[in-house]
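Trainee: As annotated in TrEMBL:
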SIGNAL    1-16  signal peptide
DOMAIN    150-188  domain 'EGF-like'
DISULFID  CYS178-CYS187  disulfide bond
Amino acid sequence: MSRILVLAAILAVCSSQKELNIKNEKCRTCNFLVHTFDEGLKKTARQHFAGGDTAWEEKNLGKYKTSETRLIEVLEGVCKKSSLPNMDKFTGISDIEFKCATQLEQREETIEEFYYNQQHNNMSIWLCVEQLKLCCPHGHYGKTCEKCPGLNEGSDACFGKGSCHGDGSREGSGKCKCEAGYSGNLCRHCDSEYFEESRTEKSVVCKRKTKFDTSRHRVRITLVGVAMVTVSKDL
Ligand SMILES: *[C@@H]1O[C@H](CO)[C@@H](O)[C@H](O)[C@H]1NC(C)=O
């Protein structure tokens with residue numbers, strides 16, 4: 001009997017963790033594609049003109065900016081780990097290069113459309129959110145990119161005091177996980193041990209209550225002092 005209970009408890013913990021951990025692989029892989037593509041754009045700009053900032057590029061890249069020659073060079077480094085200075089953002093995705101190459105192959109036309117006509121857009125949003133629909137915009141979650149709690153109230157996701165489960169991905173429950181000190185579905189209440197320092201329609205600031213109640217403490221010191229004086233007089 002108890003063994004069954006233990007097993008049930010383990011299963012419950014496992015399934016709740018599964019609910020919490022979002023892999024968000026397709027979206028992250030798309031962003032890997034975007035980052036490697038972007039590195040290629042920067043690198044080719046530098047190679048062909050000892051170039052610098054974006055404003056400079058706009059002026060001086062001219063025809064080269066959307067030339068096929070450049071696209072071929074950029075594509076050489078796309079989906080390669082070695083194109084990025086570090087992989088910190090993309091840890092935990094196995095075979096990321098292969099998965100990225102698959103996305104690239106399947107949506108080559110869309111990526112070319114970005115290169116030739118949409119470079120003025122943010123590639124991550126244009127490609128991964130709008131075209132491929134692998135990510136949701138910031139503050140949105142789930143299959144249909146629903147709004148995180150708080151957005152309908154005119155505030156940030158979870159009132160800016162917590163994280164919305166699945167934020168930015170096509171996964172998740174949208175539930176807020178509040179920072180320490182905050183509670184409620186929208187993280188707009190203060191936890192016990194905290195007090196409300198300020199509140200507007202769209203935000204709340206909670207501060208930890210001081211454990212040490214100085215006024216009461218002072219009374220006690222005074223009482224102890226009086227007692228000691230009394231005792232010493234008696235002696
Ligand atoms: C594109 O948008 C993403 C998500 O909002 C942001 O993190 C990134 O910095 C933007 N990229 C550029 C080049 O502005």
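Residue numbers in this text run from 1 along the chain shown.
Placed from the backbone N, Cα and C atoms, the Cβ positions cover glycine too.
Burial and contacts for the listed features, if you can.
Mentor: Across the domain 'EGF-like' (150-188), mean pLDDT in this model comes to 95.
Using a 10 Å Cβ-Cβ cutoff, CYS187 (disulfide bond) registers 28 neighbours. In the three-state DSSP scheme, CYS187 (disulfide bond) is classed as coil.
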Trainee: The domain 'EGF-like' (150-188): which same-chain residues, six or more beyond its ends, come within Cβ distance under 8 Å?
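Mentor: Answer is 19-20, 22-24, 26-27, 133-143, 194, 201-204, 206-208.
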Trainee: Within 10 Å of the Cβ of CYS178 (disulfide bond), how many other Cβ atoms are there?
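Mentor: Neighbour count, Cβ to Cβ under the 10 Å cut-off: 20.
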